[in-house]
Each structure stands twice: as structure tokens, then as C-alpha cells.
């Protein structure tokens with residue numbers, strides 16, 4: 001696929017639309033990636049967002065801890081009822097609580113801002129002035145967004161683990177089937193859940209990245225990404241759409257519970273990750289096609 | 001590039017079913033008689049697998065129908081997934097899967113456990129010591145049988161002959177169930193007034209284990225009304241970890257001692273069976289597929305609402321919610337707000353939602369069966385059209 005025809009955008013700075021493919025300098029990619037990660041993880045609003053997500057398990061743990069002797073003890077959606085017995089479940093419960101909205105919001109902010117944020121700040125064309133291929137810049141931006149999402153999931157998990165251990169203690173893990181497994185293997189399962197949830201966000205990151213290449217308004221791309229996750233969740237509740245539901249972005253998100261069954265069916269886990277891979281492939285290539293051919297005027 | 005990606009994804013999704021399409025080659029041809037005899041003669045194999053149950057009965061959809069977790073009520077409509085493990089002898093486990101919950105039944109020789117992850121409750125069913133001894137003796141000597149035990153072939157022939165009085169039994173083409181080649185036995189009712197179109201049993205060609213049952217409605221030829229079958233099966237003995245159960249620390253365990261029927265009771269039951277006498281108040285109209293069972297003096301209102309145990313449960317945590325209208329809504333539908341999701345539904349609301357008013361009383365109409373509950377307390381049930389029931393009432 002070729003780059004945009006310079007004649008089509010004669011009014012904009014030639015350097016932005018143009019482009020002989022820059023020759024890569026040794027180490028340039030690594031430097032670009034490092035600077036992107038420093039930018040993403042150091043940006044104040046991102047740090048605030050991470051702290052906010054980290055506060056969720058803390059808040060959840062404190063509420064459960066303070067009400068543990070009241071009549072409301074052991075009540076609540078998902079895994080909250082199990083938290084009092086085993087602090088390890090605070091990780092699972094927190095992830096469960098953040099999954100429907102807070103994590104998609106985080107993904108939206110991270111990926112929607114990736115390209116559109118640079119465009120709106122007017123820095124995108126300067127990035128392209130430096131000898132860096134657009135595809136490579138896209139990969140770096142994707143890596144930055146993925147890193148931030150991973151950091152968000154890890155923040156929830158680590159705070160959940162520490163708060164759970166302090167407030168409730170860690171014990172052997174009672175699975176959904178009622179069987180008990182040793183703490184070490186239970187912790188491994190919970191680590192698997194955190195990894196699965198993190199990987200479940202990759203499809204949405206690709207969607208957000210694609211939206212981000214369409215617009216110069218980062219808020220638009222962020223909102224559109226969150227809307228995709230919510231609409232997907234709504235469509236998933238309609239029985240009339242049975243045929244397409246298994247392919248929906250959000251359909252397999254709760255399949256992380258598979259890792260808490262006595263004999264996890266790895267086919268289910270692989271199926272969920274496969275759907276994410278499909279979304280990554282489709283929307284990643286769309287983002288690539290759009291970004292490598294678009295006129296960048298700001 | 002995006003087009004290539006889309007094609008690649010589409011191919012990945014569509015290819016496995018196409019590749020898995022069955023080839024009739026390589027499987028020896030059988031007759032219906034041979035197939036039934038093979039099924040009857042096959043020993044229960046050790047296996048583990050996933051069973052998906054789907055009901056498309058055409059019942060009115062329930063409010064909050066799909067919101068509940070792993071609850072047996074969900075078997076009424078929609079789709080449920082079960083995992084099964086069995087060693088083919090005395091030990092097995094069945095787990096009904098919810099999105100983030102599980103209901104397990106573990107059967108281990110003379111004891112059984114159930115565990116619900118929603119309320120962390122364990123029920124332990126046991127026999128008392130005397131009954132266990134009696135059961136072991138019974139297993140050693142075998143059950144008392146009058147006359148000769150029929151061979152599988154003879155039993156199959158008899159069953160088939162009986163079935164063929166009312167139905168046509170035939171074989172359909174070889175199919176694939178859970179990735180295994182399977183013969184299909186089709187039982188089609190001779191009656192044209194029943195709602196049942198046909199019943200299809202898929203039998204594994206190698207082990208003669210039934211892999212799938214479909215019940216087709218006469219009104220819908222595109223999808224089976226009821227379908228239960230393996231989506232995944234492995235014929236191997238599961239590990240001990242799966243087949244045993246010990247209650248988790250901290251769970252409440254309810255002990256239930258199940259009384260084993262005495263010899264006299266068993267003999268009485270057998271007698272009743274051979275006599276063909278019906279319990280008082282039950283009458284049967286029609287025969288075969290058109291059978292309609294009529295039960296007199298059914299206290300429907302009491303049956304629907306009166307569950308003393310549930311009432312006791314309700315009294316324990318009477319919910320209160322700030323807003324009056326929310327409270328009213330809760331009283332209408334919910335019973336147990338503690339789970340957050342409206343897990344259990346109020347049976348009366350459920351009853352009203354799935355029945356419709358007709359001149360004779362209230363009617364449940366589905367693609368496979370009809371139930372009529374008359375105002376004078378009779379219940380009529382059959383795999384026939386609602387009009388037939390109304391005519392009988």
C-alpha cells in the first residue's frame with residue numbers, strides 16, 4: 001500500500017504527507033518505545049487513573065471488612081461473598097467489579113488518545129518528521145496503550161492481593177465446584193485470571209487505536225471505544241443474536257471463571273483469547289491501513 | 001490488508017465445522033435393530049465431557065430470565081452447560097455452570113454431595129449403616145429377578161417392537177457429535193395430532209454411547225425444540241480429584257440420611273407397576289403420543305406459592321429498599337435481593353408470566369407440550385395441541 005498522494009493535500013506541510021520511507025537507525029525503535037512508555041506511564045492523568053483503579057480493591061476490601069459481622073456479610077455480586085474467607089478472592093472480586101465499565105474506560109482513554117492525542121496537540125507531524133515509519137509509530141503507540149492497560153490490571157491485582165492479605169489473610173482456595181486446592185496452586189489460578197482479563201482487553205485496544213486514527217479529537221475516540229464495549233455488552237444479552245454472540249468483543253470476558261473450576265476446560269480459555277486475537281487482527285489492520293494512508297495535517 | 005485480515009479471521013471461524021463434516025465411509029452399516037441392541041448391551045463407559053442443553057420451547061420469555069446464575073430453574077428455557085465426569089461405575093460428578101457460579105453434584109458409591117457456589121452450601125446425602133450393608137449384599141447377589149434376565153438383544157427387540165406400534169423407527173445418515181462419528185436413530189410418531197415431530201438419538205459409532213438427543217416439534221422444522229448432547233467428550237477415566245468431594249472449610253454442611261426402600265416396599269412398587277394401576281385422581285385419555293394425563297384436585301395456588309421452606313427463608317432477610325416503587329417491584333418479582341442479581345423469581349409472578357388465560361382456566365402452550373390448569377383444580381398435560389386439551393376439559 002502506498003503513502004498518500006502529496007497532490008491531494010497540497011495545502012499542508014509536505015513533510016507530513018510525504019514520505020520516502022525513512023531508513024531505520026539502529027536503536028531508534030527502542031528509543032521511540034522508551035520515550036512513549038515514559039510518556040504514557042508518567043503522564044499525570046494516567047497516574048491518577050491508575051491510583052483510582054488501585055483504590056477499587058482497597059475500597060471493596062474495607063467495605064467487606066467493616067460489614068463482615070453484620071447481616072450483610074457475605075453478600076454481593078460475584079466473588080465478594082468469598083472475600084471474607086480468603087483474601088485472595090479480593091483480587092478476583094475487584095477484577096470482576098472493574099470488568100464491565102472501569103477497565104473498558106481505561107482502555108478507551110489509553111488507546112483513544114494514542115494517535116488522536118498527538119494529532120490534537122499538533123505533535124503528530126513532528127513525530128513523523130523524525131525518521132520513523134508510520135507503521136512503526138503505530139506499533140509503538142499500540143505498545144504504549146497495551147502497557148498502560150496491563151499496568152491498570154496489575155494495579156488492581158496487586159492492591160487487591162495486598163489488601164486482601166492484610167485484611168482477611170490468605171488461605172487454601174475453595175473453587176467454584178467446592179473443592180479446595182492449596183494456596184500456591186490457587187494463587188497460580190488467580191494469576192491466570194489476571195492475565196486472562198488483561199489479554200481480554202487487547203481486542204478493545206485495537207478498536208480504540210483504529211478510532212484514534214480516524215479523528216483528531218481524542219475525546220471522540222475515547223468515547224467511541226467505551227461505547228463499543230457497552231454496546232457489545234448489551235447485544236450480548238439479546239437471545240435473538242445467538243448466532244453472532246460468541247464473536248462479540250465482551251462475550252468471553254467472564255470466562256475467567258473457568259480457571260476457578262475443578263478441571264478448567266482450556267478450550268474455553270483459548271476460545272476467549274482467540275476471539276480477542278480476531279478483533280486485534282481485524283482492527284489492527286484497519287488502523288494500519290488508515291494510519292499509513294491518511295493525510296496528517298496537524 | 002484489512003480485507004486479508006477479515007478473510008483470514010472468517011476462514012478460521014468457518015473452517016473447523018467444514019473440515020469436521022462427517023464422511024459416511026468407513027462406518028459399517030447397521031440396522032435400527034442392531035443399533036438399539038448395541039446401545040442396550042453397551043457398558044456405561046468412563047468419560048468426561050461437556051453437555052449443552054438447549055430448550056427452544058416457544059414459551060413466553062421470563063422476566064430477568066437469563067440473569068440468574070447456575071440455577072436448575074434455567075433449564076426451563078435457553079441454554080445450559082453441564083460438565084460431566086464418570087468412571088462408568090459408582091462414581092460421578094455433574095456440574096451445572098453459571099457465568100461465575102457452579103452447582104455440583106458428586107456421587108460417590110453410597111454417598112452423594114451437592115454444592116452450590118452461590119450460597120456456599122453443602123448437602124451431604126448418605127445411607128444409614130444398616131442400609132449400606134444391605135446395599136452391598138444386594139450388589140453381591142444381584143437384584144432379585146423373576147425368571148430369566150433377557151439378553152440385550154432380546155430386550156432391544158422387545159423395546160423396538162413396542163415402539164413400532166406407535167412410531168416409525170428408522171436410521172438417518174451418519175453425523176458428527178462432539179467430533180465423533182455417530183449413527184442417528186429417528187423415532188417418528190405415527191400420530192399426526194401430537195406436537196412431537198420426531199425424536200433423534202445420535203449414538204457414538206465406536207462405543208455405542210448415546211451422544212445427543214433431539215426432540216423436534218411438528219411445528220418447527222428448522223431447529224430442534226429440545227436438544228441435549230455432548231459438545232466435547234473424552235472416553236477415559238477421570239482423575240480421583242474430580243470424582244471425590246470434601247466440603248470446604250467454613251461451608252455449612254447439611255446432612256441428609258436417605259432411607260432405602262425396604263424389600264416389602266420394593267415388591268409393592270413392582271406389583272403396582274405390573275398392575276398398571278394409577279394413583280387416585282389421575283386419569284389418562286388417549287394413548288401413545290397423544291396421551292393426555294389428567295390430575296384432579298390440584299391446589300395450583302398452593303403449589304405455586306406455598307413452599308414453607310422458602311417462606312422461612314424469606315422471613316429471615318425481609319428486604320427493604322428506600323423507594324416505594326422499587327420496593328413494590330422487588331415484591332413483584334424478587335425474592336432474594338441478597339445476591340444482587342434477581343436470582344430466584346417469585347413463583348406466582350412466574351406462573352402468571354408463562355400462562356395465558358383461556359375460558360377453561362390457565363394454559364401453558366409450547367412447541368412440544370401443553371398444560372391446562374382448569375379453574376376447578378384439574379391439571380391436564382400432554383404432547384398435544386392446546387385445543388385438544390380444551391376439548392377434553
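Backbone N, Cα and C atoms are what each Cβ position is placed from, and that goes for glycine too.
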Range among A:242-265, A:266-289 that TrEMBL annotates as transmembrane segment: A:266-289
Ranked first among A:47-67, A:88-109, A:145-170, A:217-235, A:266-289 for CB pairs under 8 angstroms with the transmembrane segment (A:190-210): A:266-289
Criterion met for the transmembrane segment (A:47-67) and the transmembrane segment (A:145-170) (at least three Cβ pairs under 8 Å): yes
Contacting positions for the transmembrane segment (A:145-170) when only residues 6+ beyond its ends and CB under 8 Å are counted: 37, 40-41, 46, 49-51, 53-58, 60-62, 64-65, 83-91, 93-95, 98, 103, 106-107, 110-111, 114, 183, 187, 190, 194, 197-198, 201-202, 205, 208-209
Contact set, same chain, for the transmembrane segment (A:266-289): CB under 8 Å, 6 or more residues outside the stretch: 1, 135, 138, 142, 196, 199-200, 202-207, 209-210, 212-213, 246-249, 251-253, 255, 258-259
